[in-house]
């Protein structure tokens, strides 16, 4: 019929209207379900990721915008959408923005939208980040207090303590093996002393590099790498035979261990609450002392035992000092193993915007401590943590076509440039003045401490040498015929003597000098000589078998018709009946034990009398104690002065470590601490060189120099700001 087309058109239009209504209702229902699920999820979750696209703050919708389908809860469609085509339709619940006929002009943003970071000045972004960091510092302190102090902190305490112990061992192992290593490897006097200086230089570079890297890639990861480097090359150095290769291994080992001190204190401070920080960081300092005691005790027990050695022909010698080097690498290896079970610093994760990772570690700290207290049911209630605004840095990209070597070089240059930029932040307001003062205190304390640490043992050695020389036996114009020497000759000078048909068999010359002496038809077999020289002597028809008498000991000596068979090669070492070797290690052992009372006192009083008072007065008293060295005329008095000085100065070291950690904000804490520690090692090198050169010249200059720098550094330390009540920024 005629109505059929019209009916069909009406029917199709009605069906289309029904489909539109159904589609709108379906979208509304889906949106409601999604919003309800999102609300329930956000309330049930213990935490959620911060969104830093806008203000790096707790995310919320700006006023005036649509918020899901809540903008229009009425059922049915609006007239504005009725009759539109499908592709032009916008349904309720869809964000439509603010209608505008044109794009925003320059310097303008659409109403209701936050200002993009790209349109903000960098100074404005940094001020926003600074405000965020101040808020985070307060919140983080409350979170750490909720986590409590318990099993987790003690586990980390002993783990980081092993790393700090390794640093103490590394400082002293060099001094202990230096005489033996140089003798074993036949190092001339012109090259001696390089080992001590070059290892300190390696530690200086390592402190700056690893401290800076810890602010970029994390505390745990950097500490794990630098301790692995130290352990591997320290272990390797015990097997090398070349002095040059030995220097290289010890330098790289020093580069690795250089990062221990700045990273360890930064790492541990970031899991401690304000009221626990000073005391427990001071207890952590005791591990450095334990490292000294360990190195002194092992040197005393191992190095003088020449029998603890083996050789593979004449090419490979493994003496007791090499065993000592292996034993001293054990704390480092243990720390590497323990670190693999510890998490990263949550404070570092928050600083770089890794909210979820930080929350998980904080929950781990809380749950570990609560289980240890017998409260496993206690729930970690923190659900939101502030994260600072992340400011993007411009990074130069490298071409993919470059080879591996150029990529590595480029990466190293990039990382070093990043460390340099972070260091420059330590010299801008508000930490610039603190950095300069800290640098002065670190330099003066290290210069005085390490300088006197070298000077004390050398003075004791000179006193011993003077006493030893006073007991020398003089033999003039003696004539010895047909006699067999099978015992040790020690501390003797033979002048204008004559030895005829004598036998020197299975015996030792120790500090014996022959001057203008004639040996005729003498037999030498299995002879070892230490500090023995033949000056202007004459050998006629002599026979040498398995001895170490060579050209270096025959000074201006005439040898006629003599034969040498199976001479011992290399430099001979012996500690048998060597009282001085035992005595040097024992003196260091006593000096280290004297630190124990100072460590205990500083830990107990750090939070009571304050860091600055302890730092300043400890340095001033240490400087004053140096004046008592005027009266040190015997070994016993010098050892007493050494113990007094070490006991007074340790409190300054402990308080300086705590103050340095607390003065720097998290984003440059490792870099600032590493810079100060690098200055410390540089001052140690200068102290070794300057004080070492003055040992045999005068006593006045070292005493006045050490006193003045210690007192001056202590007075500067008193000008630092008090950090006892500070939260970690």
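Glycine is treated like the rest: Cβ placed from N, Cα and C.
A quick note: this is a predicted structure, and the numbers were derived from the prediction, not measured.
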Which stretch does TrEMBL mark as transmembrane segment, out of 120-142, 281-303, 350-372, 373-395? 281-303
So which range, 222-239, 402-419, 420-437, gets flagged transmembrane segment in TrEMBL? 222-239
Using Cβ distances below 8 Å and needing 3 or more such pairs, separated by at least 6 in sequence, tell me whether the transmembrane segment (438-456) contacts the transmembrane segment (281-303). no
Contact count check, CB pairs under 8 angstroms to the transmembrane segment (245-269), set 281-303, 637-659, 700-720; argmax is 281-303
